[in-house]
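**Student:** Take a look at this one; I'll ask things after.
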Amino acid sequence: MRTLSRLSRSSFSAAAGALKRSPLHDVHIGAGGKLVGFAGWELPVQYAGAGVMAETLHTREAASIFDLRVHGPRDARVKFLEGICVGSIGALKPDQGQYTLLTNESGGIIDDAVFVNRESHTHIVCNAACSEKDIAHLTEQISVFNKANGGSQTVELEIISDQALVAVQGPYAEQLVAGVVDKPGDRDALRNLSFFYSANLTLAGAECIVSRSGYTGEDGFEISIPIPSSRQVVDELLHDQKCKLAGLGARDALRLEAGLCLYGHDLDDTTTPIEAGLAWAIGKRRRKEGGFLGDGTILAQLNGTSPVTRTRVGLVIDGAPAREGAEIVSENGSEVGCITSGGFSPVLKRPIAMGYISTDESSEPGHSLGVRVRGKVYSAKVSELPFVPTKYVKKLKPKSKT
């Protein structure tokens, strides 16, 4: 099993401290990046001459690059993986990935992650802010698993740090990446990739793993590059005038517009997949068989035999943006929930948010609520998610190069 830590969904601050630097640190400095602390790393929240709104809109219209740091591949097998997550990992085809949830014995979410089925191992792409917790959890669960199984059924954990992960996102992403592909056959393989499939391709002279995936709602690719080659690949991509750098602020706006959860805000270890509106992540077979941590609680909520007291909703707001912690109130002014993610939507040109409300309150789109911001209540309506339609590319017959 291999794990890649994803610097894509975490809060960030201006406090630096002893922060680590990504392989593309010099690129950020040269482009005028405003660097902030993010999950233990020093990364750009935005770039000079652009700003969060401009970078967000450019990604929707063309293509942008996000810098992420990979620090943890690992090996494992289906039996172990299906014991720690809600997905049907055994159903994954070669080079296919799947969004899934790591759960605890109470049914809460330890982390959300992407599992990718490679020929000799499984990549786990987790949140960088959760990497230490995830590694500790996986180490403990592997120990339990190996003691119970033994022999040829044991699995092992491998953590490496020789790859950089770069996300290229937007409707121009395919054409952009194809422009730095070295081999004609690789170019065909790139264009044949479907959402959540990956391939080994040579980009700008570097052997890379390219996955058609991302966390923006746009078409795009996440590219795993050997660290010594990461600068040359990014420089080649940036030679195209339609490609621009985008920081963490734009990435957060994009994932919010796409209705995607931010761990530690919209998700935590006390929130179940059902409460979070992520029941779709539970595989069909897993719904019948269970066999994962917290399955009793989660499946009881899914089947309606155990009450669900709160649910995640999207909100469009009239007035000031509502940030995490703001109260959600009913039309009569009583508190019915709390905002977990919020901000201004560059596409919709209005404040949007996600949060949890009591199941006693209607969660139907169009239902009127209020949001209390600095003592003032602003009108809000429940919205369908995503706020902005997603543009994932799904081929009928995806092909991958191994």
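Cβ from N, Cα, C; glycine included.
According to TrEMBL:
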type	residues	note
BINDING	E222	substrate binding site
DOMAIN	24-284	domain 'GCVT N-terminal'
DOMAIN	310-388	domain 'Aminomethyltransferase C-terminal'
**Student:** Which number gives the other C-beta atoms within 10 angstroms of the C-beta of the residue listed as 'substrate binding site', all protein chains shown included?
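**Tutor:** The Cβ of the residue listed as 'substrate binding site' has 27 Cβ neighbours within 10 Å.
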**Student:** Across the domain 'GCVT N-terminal' (24-284), what does the pLDDT come to on average, as a whole number?
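**Tutor:** So the average pLDDT across the domain 'GCVT N-terminal' (24-284) works out to 88.
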**Student:** Write out how many residues of the domain 'Aminomethyltransferase C-terminal' (310-388) are helix, how many strand and how many coil, based on DSSP.
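**Tutor:** In the domain 'Aminomethyltransferase C-terminal' (310-388), the DSSP-based counts are 0 helix, 45 strand, 34 coil.
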